[in-house]
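S.K.: Below is one structure. I have some questions about it.
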Amino acid sequence: MEETRGPGGATELCGVEGGHSAPRAYSASEELETNDNPPVNSTACGIVVEQDTAPIKDPAAPSGACLGDGKKTDRNEVGKIQENTNIYKTAFHVFKANVGTGIFILPMFYRHAGYIAGLIIALFTGIFVLDASQLLLRTKLIINREDVDTYGRVCRHIYGKTMEWILFACLILTQYAFCLLYVQLAVSTMGSFVSFSGDAYVWGLVIFLIVFPCTCFSNNFSLLAIASIVASVSVVVTLIITYIRIATELKSNGPHESVTAFGDNVPFGWFTDMACNLMVLEGIAIVLPAHSGCNQKHLFKPMLTVILGSIVCLYIFYGLSGYFAYGSALNEVIVKRMSDQGDFRIPMGCAFILNVICTYPLQFQPAMQLIDVLFNCKESSLKGRLIRLSINVFIIVLAIILGGDTVDMVVGITGALPAVVIVMIIPSLLTLKIDLILNNLDNDKLSFKELLAAIVRSPFSFRKLRCIFYIVFGLLVMGFGTYAVLSPSKKNEWEGLEEEAYTYTHT
């Protein structure tokens, strides 16, 4: 099987680890951290440097050419992720790639499914994501080639450029959806602290004036490192303060009267809840680069299980606590609900706003790397600046038009469409194809219909059953989740919840 250079083939010089910079290389996408708080030494803080790399081909191998012996290929050494990270730093990167601003919108997800169905959905969605991550890692280990070390390269190596482009598109959509979410949250939260006529336009302009220069000069690794550290500290501060407020609310008033066991839109709300959970758990793109950079690979799989399992438990604990405290009336980020009164509301609000503003350029830059490659422009060029200006203006304007009350819609659509493809469908398709290769049933010239027939003919296994289930599950979430978010009745529900939230806040 021949490997060719993908649409985003590029080398990145990046990394702030242990106090010094180190060269690291990624394909211009995948390397997209699909999370809402990317680690400093990921491509979230890199610049793209074009690298002319000859296509790698193994003419001696049959259809299983993707199966290597672990030896180095003729790829330039600078294109390989360096094994210079111990298991503890790797665990931190995986944790940080999945935990960020998204945790503060978790409590409002439970109104779709209630505390019983919501708990079950969150638990099983977490298990599915963990298993899909392990399947993706297994595919990389079977390929066993140093030049196939990232999500994008695995897709290109197994299915070719088409699958890589699909992954790139989903990653870009997810990245910019997070940017849109951050602006919505920032404008909404700032408006809750200082409210006046037309405040959304003013705060939107303020945020634009802050983030646009950052996206134009995001090749400054030192500034990005500082922004990432500030964002991480701000998340921790906000998390502590908000949970203290949640615990105080529960102690004083008990569970909110509007909590339900199975949600307010059975069963379509369950699919919305699944999509929202997938949105905040879609940091799967960090798994393969993290494994490639880890110098204690024998500990990586158990570490991944422990870290992702801990994240799922944290999400369930925080989300359910917030839902019990504020009930189905919570249709906004929990920080905004707490902004009207109570202790530490000013430090909490400032920390949260600082977090989303600092995270915006970290999330914006990785997707911009691929855009630069597609438009053949440099960051410092007039063309590059105009593209950045256009994208930033579009995101800010769209956030103002949608408003802070549609955060749930943005998260639901993103989770139901690009996120489910990244997290569930592509890892399953990769596993099915690699198993065909292992069973000598694969042929590079198979049509899609013949490929499906080959999958059906392949030996039955529990792994094959899981992959088929994840694909079907993903398609159901895409269909029913999108319908539930965009259905006509949803608009009335948002309006009703907004009125209920206003009444609750002012009584």
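Just so it is clear, glycine is given a Cβ too, placed from its N, Cα and C backbone atoms.
OK, TrEMBL features for this one:
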REGION    1-39  region 'Disordered'
DOMAIN    84-434  domain 'Amino acid transporter transmembrane'
TRANSMEM  116-137  transmembrane segment
TRANSMEM  165-188  transmembrane segment
TRANSMEM  200-217  transmembrane segment
TRANSMEM  224-248  transmembrane segment
TRANSMEM  268-291  transmembrane segment
TRANSMEM  303-326  transmembrane segment
TRANSMEM  346-364  transmembrane segment
TRANSMEM  385-403  transmembrane segment
TRANSMEM  409-430  transmembrane segment
TRANSMEM  467-486  transmembrane segment
S.K.: Six or more residues beyond either end and a Cβ under 8 Å away: which residues meet both conditions relative to the transmembrane segment (303-326)?
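M.R.: Same-chain contacts beyond the ends: 87, 90-91, 94-95, 98-99, 103, 106-111, 115, 118-119, 122-123, 126-127, 129-130, 133-134, 137, 239, 242-243, 246-247, 249-250, 253, 255-256, 259, 277, 280-281, 287, 334, 337.
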S.K.: Taking the transmembrane segment (385-403) as reference, which of 165-188, 224-248, 268-291, 409-430 has the most Cβ pairs under 8 angstroms?
M.R.: 165-188
S.K.: Could you pull out which residues elsewhere in the chain have a CB under 8 Å from any CB of the transmembrane segment (346-364), counting only those six or more residues past its ends?
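M.R.: For the transmembrane segment (346-364), the nonlocal Cβ contacts are 33, 36-38, 44-45, 100-101, 104, 175-176, 178-179, 182-183, 185-186, 189-190, 192-193, 207, 210-211, 214-215, 218, 224, 227-228, 230-231, 234-235, 237-238, 241-242, 245, 333, 335, 338-339, 391-392.
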